[in-house]
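These notes concern the structure reproduced below.
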């Protein structure tokens, strides 16, 4: 047999293996394909469909081809040399190896993400899976044999090349996918597998490693792809969840903040809901006014704000702790915020303010500069005000600053006073905005009274007051909050142990692995993936807490530990059982900071800094970008809302009823980018907000958690537009629909005449049949 094959060299034996493996894999794939139960309805021969037979023919021809090549390699030394030369194995960077690696990557993408990228082609993917597995096995064997072939010195260089190619391949797939499949790829980023964000860690690591003037631009573009791609997924799919209707319109609490922004943009004071946390609706109102009442523009601006905050803070972490930790920080932040991207929830502002605060405090710890700590604490304070959260971080940072900047003394009172002053200034900014922008019957952070009552009641949650005192449900602010504080004090006096019991309940929930626990923001496409991600994060964080406390004198360690202690102390007053982990938006950087410390300590133990995964470059850093951005942001938060408040005046509208007898009248604002246009599938190839295909609306509503409203919206016909608006004359929220032409031809303040559709009393739809533009006569007097 050996004489027949004429195998004369070790080279023939080695090079024969991948082709032999390819032939055997092809045979197995062919058997597997033919073993799949046939579909008698589409059969044309022996019960097999034409598609099945063509696929079998491809595998059969390929298997025969591999077998022929195997025979020639085994029998002909010169043929082996020719194939080796053509494959480029004798060069430093063989094209065949690069091709094989790209084939493996493409196969893995189809295997793991094919159903998400092509959700309507699941059966097709299952049919072609034998070919995919066959080629993947061949490419893998081809690659492994090459690594066995070459010398060790070449192996390291080739692995680096393949690593770079992998990252470029992933980036190219994402960019192409966002262009041709924006809905599917965007939603994979927003709520898909944890594998994609994990791969982004290495994309950022690679980008930060590039010693080029384009490094910052590359990192920024990656951030745009990650965060902006998620927003594209929302707009290209028209998804509906607890915060968004049809990929655009706010729902639940998000609608309350959106309405506050609308009120500011037309010169009216906040209503009671938006006045509770006035900072976010104030910022949203600025963007809304700048975009000429365009909700899409306002949402895009909030995402840009997050991108800039992450960019500047990650750069600080990269300078002091290396590119790997910077990449982990970015992805950790993204995992928290990705499900809120596209909404108008207050987390959208609380997080970036907390990120910038964390970045400045990290810089302060690394460089021992009190000024950075001042600005960082101020931004964090504003973030905690924008999205009420773990406020006890602030006093802990005051204590930390006095200890950290103590020099030769035991405690530096001057530094502590400076940081305390930053906290005071933050609350003064909040009170200024509240006093100028809030209307009557408003209470700043009045909903904390609900939380406090649930705590002293034994940890029963914020809704407990409605059960124990149903008479309060009809009470308005600020009387409601005052009454609840009084009831909370009475409950504490009657049962002081209820406070301790409630705190224990909330601490147990916080340190659990459930969706409301400390790591609840880590969520994949399956329970297994989710739990693996949370457990890994918990292990690294535990190492961070243990070794971070042991090495407390390290700059970043003490700052993160101080913040984390503040978070733990805050848990009873920011119960995760009430609103899950999203209430910790401004404090999320400290959650991730624990993991960063854990990895840093591990790197010290394992001495892996020489591999350029973790390193510092403080001596070469002379940038002040984060300081400039922080200063601009603070000025924007103070001046912006007040400028809009004083320059936008409440309009005096024509109150003449122009509607016919029997018709109802609604006075509202119509603007492009703040409503949804429902189009037929034949007229609109793809959904992209504000234009929504009817089929995508049907899918969105059926998958939504709002059954009653969803059923009502499904009745909206093609060629109509829909918006969730406010009747300024009646002072009520209203769902409006009508012909798209009617809305596009009448932009601005309008009078809509029509009738309310019969159906649900909770979600009545107003059918606008005619529209009339109203004349704005703005009052010359300041309110």
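Just so you know, the numbers here start at 1 and follow the chain as drawn.
Glycine is treated like the rest: Cβ placed from N, Cα and C.
Those TrEMBL annotations? Automatic predictions, nothing curated.
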(Q) Which range is it, out of 477-497, 498-518, 624-644, that shows up in TrEMBL as transmembrane segment? (A) 624-644
Q) Of 324-342, 457-475, 647-665, which range does TrEMBL call transmembrane segment? A) 324-342
Q | TrEMBL annotation of transmembrane segment - which of the ranges 274-292, 559-577, 673-691 it falls on | A | 559-577
Q) If you check TrEMBL, which stretch out of 247-270, 415-438 is marked transmembrane segment? A) 415-438
Q.
Taking contact to mean 3 or more CB pairs closer than 8 A (sequence separation of 6 or more), are the transmembrane segment (348-365) and the transmembrane segment (187-205) in contact?
A. no
**Q.** Recorded stretch that, among 187-205, 415-438, 531-552, has the most CB pairs under 8 Å to the transmembrane segment (324-342)
**A.** 187-205
Q: Can you tell me which of 131-150, 217-236, 377-403, 415-438, 583-603 gets the most C-beta pairs within less than 8 Å of the transmembrane segment (559-577)?
A: 377-403
**Q.** Stretch with greatest number of CB pairs under 8 Å, the transmembrane segment (217-236) reference, 131-150, 162-181, 531-552 candidates
**A.** 162-181
Q: Flag the pair the transmembrane segment (583-603) / the transmembrane segment (377-403) as in contact if three or more Cβ pairs fall under 8 Å (sequence separation 6 or more).
A: yes
(Q) So if I exclude everything within five residues of the ends of the transmembrane segment (295-312), which remaining residues of that chain have a CB under 8 angstroms from its CBs? That is, six or more out. (A) 219-220, 223-224, 227-228, 231, 235, 248-250, 258, 261, 283-284, 287-288, 330, 333-334, 337, 341-344, 348-349, 351-353, 355-356, 359, 625-626, 629, 671, 673-674, 689-690
Q | Cβ-Cβ under 8 Å with the transmembrane segment (377-403): same-chain residues at least 6 beyond its ends | A | 277, 279-280, 283, 346-347, 349-354, 356-358, 360-361, 370, 411-413, 415-416, 418-420, 422-423, 425-427, 429-430, 445, 447-448, 558-559, 562-563, 565-567, 569-571, 573-574, 582-587, 590, 630, 633-634, 637
